[in-house]
Amino acid sequence: MSGAALGLEIVFVFFLALFLLHRYGDFKKQHRLVIIATLLAWYLCFLIVFILPLDVSTTIYNRCKLAVNSSPPENNGSYVTLAPSKQKCFKPWSYIPNGIMPIFWRVVYWTSQFLTWILLPFMQSYARSGGFSITGKIKTALIENAIYYGTYLLIFGAFLIYVAVNPNFNLQWNQLQTIGIAAANTWGLFLLVLLLGYGLVEIPRSHWNGAKRGYLLMKTYFKAAKLMTEKADAEENLEDIMEEVRKVNESIKYNHPLRKCVDTILKKCPTEYQERMGRNMDDYEDFDERQNSYPSEKSLVKLHKQVIYSVQRHRRTQVQWQILLEQAFYLEDVAKNETSASRQFVHTFQSQESENKFFQYFYTPTVEWYWECLLRPWFYRVLAVVLATFSVIVVWSECTFFSTKPVLSLFAVFIQLAEKTYNYIYIEMACFLTIFFLSICVYSTVFRIRVFNYYYLASHHQTDAYSLLFSGMLFCRLTPPLCLNFLGLTHMDATISHKNTQPTAYTSIMGSMRVLSFIADGFYIYYPMLVVILCIATYFSLGTRCLNLLGFQQFMGDSEMTSDLIDEGKELIRREKRKRQRQEEGENRRREWKERYGNREDSTRSRAVHTDQKESSFSETNTNRPLSKYTRSNGRTERDRIELLQDAEPLDFNADSVNDDPLESESGR
């Protein structure tokens, strides 16, 4: 099993990152480089979280082997026996051989740092650029990142000059590398505590509120009112941008040098606007620079950027509106079915998506009623209590993890108790649950946070390239300090435990933080205590109240503005519900009409076909019979029909008179 666990987790984490990226990104429409860069950033960060427990168990086993070196060991297969005390150091099932983890962490860490500080910021500017060529987009990205990169180079250069001039400092390359890592981790820890303080309170509270049907329905009405405002704003913005595109399309003719740029802009417009504006290729009027003023290429680049942004925003609001409607209809159905005596869950509208037959077989209306109306609220309450317990343990450990005698951090107590018995399964499970909960609190905040319309992770493939790349940057900057904080909580970091023991492979690549004692002994220890203040502020919704005072409407139960928006959203949902009901009634009437008269029409068609077949067979029999007295009359009828077809001419309504009988006109017979 040596290295098998590492390989399995590498494969599993890759598909996990791919699944999440498929939920938020759009593989068909977004650029492949954006998808690959974001996937790599997410994959590396998730990989660090999943592999670190294996590093902890391997380190504990290596410490045990070092402890028995003082006496000659006896090899007994999968474990080492300490002769004097008969103590056994069992090899963990997920043991990773020496030399693999340091190389693995070094590759993962420096790749993630290259992504977050160099590649992803450049790709962000490249994705937002409205240039019409690769060279133009690269030029725009370099100009936008010049200040970003120049600031870091200036700080680093000033630090190098200070070190070179001051004789008290004699730094080597390894120490400079450690200082760079410490600076990056300090920035990440500063943001980590802010996000962690929000997630530790908001995640248990959201699950507790999830058990309240009335609360969820009122919040959905509130979201509907806000989303309708955003949707109307997006439609108005798109109309304004399309009007500018129309003017540019009419002014720049087919033979203008910038016509290709206009065609590129038109391809990014919605289909209905393309059909309305056309390509303006039907007029062959030459352009005259002296008579008309034409837009410059720079203005077209700006217009191209605005078109991409407005179309993406309009499409996102449309999709989110449909999803919110389905959610509101479903919550209203749950509220109605709670008082149902039949205990059969009845939907107002049938799901538009085709469900799995296997799922429908087990998830019957009765099962759905018991789950939605009885079991789900209690499940959410129990889950909220468990998550709140974890949050309390995390807050306590963050405030006491620096204490080594006695050990007050509960996570360190759990790991040390398991280390005495060398229960590696328990160690790995405890480490995984701890770091997984910390990651959920931090990463979920990254998925929830919204910076106006510039950064917003929207599900159902509605996230733009800029937001995907920005999320990759945040993950790569938050994950290393998150792992160091976890190692500090469990006292696996020698800087915290103050023990001269073998460090984990992950800590070894970070270097000794003793180079910067004020960071190792000050900032890393006391700054995480700030999470208590942030948790209190989140519990009393101080941030929400501040945003509400600034004019950003937030959901607050005791606010008059919230009540008005809830009423507005309720009316919007009722209006959409009536519209959906009228559509379904129309479809049902058409279906009933087709079922009632469809068979009659089919029978009428079959009788007509049968009559034609009988007539054709009758004519064939007549042709095969000898000449009779009806032959002349039948021939005359056929000749009259031919003459009618030959003599039929279009009537001239401009003539003085019109002959009533076209057969008697002079046709040259």
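Residue numbers in this text run from 1 along the chain shown.
Keep in mind that glycine also has a Cβ here, set from the backbone N, Cα and C atoms.
TrEMBL assigns the feature coiled coil to residues 224-251, out of the candidate ranges 56-83, 112-139, 224-251. Counting Cβ pairs closer than 8 Å and at least 6 residues apart in sequence, the transmembrane segment (425-446) and the transmembrane segment (33-52) reach three or more and so form a contact. The transmembrane segment (378-396) makes no contact with the transmembrane segment (33-52): fewer than 3 of their CB pairs lie within 8 A, with pairs spaced 6 or more apart in sequence.
At the 8 Å Cβ threshold, with sequence separation of at least 6, the transmembrane segment (33-52) lacks contact with the transmembrane segment (146-165), having fewer than 3 such pairs.
Within the chain carrying the transmembrane segment (103-126), a Cβ under 8 angstroms from the stretch's Cβ atoms is held by residues 6, 33-34, 37, 40-41, 44-45, 47-48, 51, 55, 137-138, 140-142, 144-145, 148, 152, 184, 466, 469-470, 472-473, 476-477, 479-480, 505-506, 508-509, all 6 or more beyond its ends.
In this chain, the transmembrane segment (523-542) lies apart from the transmembrane segment (146-165): fewer than three C-beta pairs between them fall below 8 angstroms, excluding pairs fewer than 6 positions apart.
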